[in-house]
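The structure under discussion appears below in the form of structure tokens.
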Amino acid sequence: MKVKAPGRVNLIGEHTDYNDGFVLPFAIDRYVELEIEESDKFCFYSNNLNEEVKLSSLQKTNSWADYIVGVIKEIEKRGYKIQPVKIKVDSNIPIGAGLSSSAALEVASAYAISEYFGLNLSKIDIVKISREAEANFVGVNCGIMDQFASAFSKKDYAIFLDTMTLDFQFVPLNLKGYEIFVIDSNVKHELSSSEYNLRRQECESALEIIGKDSFRNVTREDLKLLNGGTLLKRVQHILEENERVLKTVKALKENEIERIGEYLYQSHESLRYLYEVSCDETDFIVDFLKEKDGIIGARMVGGGFGGGVIVISKEGSFESIEKLLENEYYSRFGIRPTFYKLNSSDGVTKIK
């Protein structure tokens with residue numbers, strides 16, 4: 001039996017998903033494909049790496065296989081006993097570009113196991129199992145957006161998700177005449193995981209000082225309690241980024257794509273100066289694009305300290321500057337960026 005789960009890109013709402021905020025992701029037309037069959041021991045094979053991991057019992061491997069092992073362990077916590085299986089994995093989602101290859105692997109694994117063993121897990125169960133696998137087993141304390149987008153997405157729509165309540169609505173992606181790209185900076189700075197966890201701690205500290213249990217209850221008035229400084233900058237980003245998500249949803253519904261470009265630039269400036277998670281390479285890409293005709297908007301995507309930049313451009317405009325950007329980026333940083341044109345996609349599904 002074969003299934004596939006898509007990667008995702010988040011149009012806007014960065015570093016808000018673990019702060020009870022709003023996000024606006026959509027699944028992309030790049031997938032993790034997974035084939036499952038019976039076996040006498042757990043066996044996980046990656047076609048991309050040409051690597052096989054065999055386990056007689058479910059334990060940590062400190063490899064890509066941990067995403068699958070973590071999912072199986074989370075399913076077993078819910079009272080199911082999973083017999084050994086062989087799982088073959090193939091993926092065309094770029095790793096490290098902020099397109100959620102790990103969430104797609106988790107969602108594909110949970111869905112495949114549910115279907116194969118007839119567990120009838122709901123999509124929301126699959127999302128929660130996948131997120132808990134990453135937090136509890138892999139050890140990355142992520143939000144829930146990536147897994148949610150990989151499971152629930154619908155082609156030609158973005159998901160407006162409230163990460164506090166998990167209420168969501170589909171918002172039409174009316175992009176006629178426009179294109180979406182992600183530019184992979186091909187850098188990943190060492191700070192990424194330590195600074196990500198530090199940002200989470202800073203947000204929790206700010207809430208403690210303010211005396212509220214969620215950023216959704218924080219008002220502008222509350223900001224005075226932070227007495228300026230780093231924590232104020234972090235909270236300002238979260239509050240303003242939530243507002244930008246709401247404005248972007250409105251603009252999408254009203255077919256005002258150009259307005260969205262402005263919100264993307266504002267989001268990047270906020271991630272650069274208030275949340276302080278961008279880097280020279282992604283800043284360079286966004287600054288370069290700002291000056292160019294036909295580019296509507298751009299911002300860094302993902303956790304930061306490298307990774308990708310999302311771009312909305314008028315049809316045909318981006319290709320005309322791609323080579324110039326590549327050359328200028330190379331002369332500045334000594335590496336070449338990678339460009340991906342993205343289309344929206346449905347969420348996890350069986351492959352016929």
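Glycine residues also receive a Cβ, built from the backbone N, Cα and C atoms like all the rest.
The site 'Transition state stabilizer' annotation in Swiss-Prot covers Arg8. Secondary structure from DSSP puts Arg8 (site 'Transition state stabilizer') in a beta strand.
Taking a C-beta cut-off of under 8 angstroms and a sequence separation of 6 or more, Tyr196 (substrate binding site) has the following same-chain neighbours: Val277, Gly303, Gly304. Here Swiss-Prot flags Glu14, His15, Thr16, Asp17, Tyr196 as substrate binding site, drawing on sequence analysis.
Counting only residues at least six positions away in the same chain, the Cβ atoms of Asp184, Asn186, Lys188, Gly306, Gly307 sit under 8 Å from the Cβ of Gly96 (ATP binding site). Residues or ranges marked as ATP binding site in Swiss-Prot: Ser46, Gly96, Ala97, Gly98, Leu99, Ser100, Ser101, Ser102.
The Mg(2+) binding site annotation in Swiss-Prot covers Ser102, Glu134 and is backed by sequence analysis. Here the Cβ of Glu134 (Mg(2+) binding site) has 24 other Cβ atoms within 10 Å, regardless of which shown protein chain they belong to. Secondary structure from DSSP puts Glu134 (Mg(2+) binding site) in a helix.
Sequence-distant contacts of Asp146 (active site, proton acceptor), defined as residues of its own chain at least six apart whose C-beta falls under 8 angstroms from its C-beta, comprise Arg8, Pro25, Ser100, Ser102, Ala103. For Asp146, the entry in Swiss-Prot reads active site, proton acceptor, with the evidence type sequence analysis.
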Glu134 (Mg(2+) binding site) and Leu99 (ATP binding site), distance between Cα atoms, whole Å: 16
Among Ser46, Ala97, Gly98, Ser101, Glu134, which are recorded as binding-site residues, the nearest neighbour of Thr16 (substrate binding site) by Cα: Gly98
Nonlocal neighbours by CB distance (under 8 Å) for Gly98 (ATP binding site), same chain, sequence gap 6 or more: Val9, Asn10, Val182, Met300, Val301, Gly302, Gly303, Gly307, Gly308
Least surrounded among the recorded positions, given as Arg8, His15, when other CB atoms within 10 Å are counted: His15
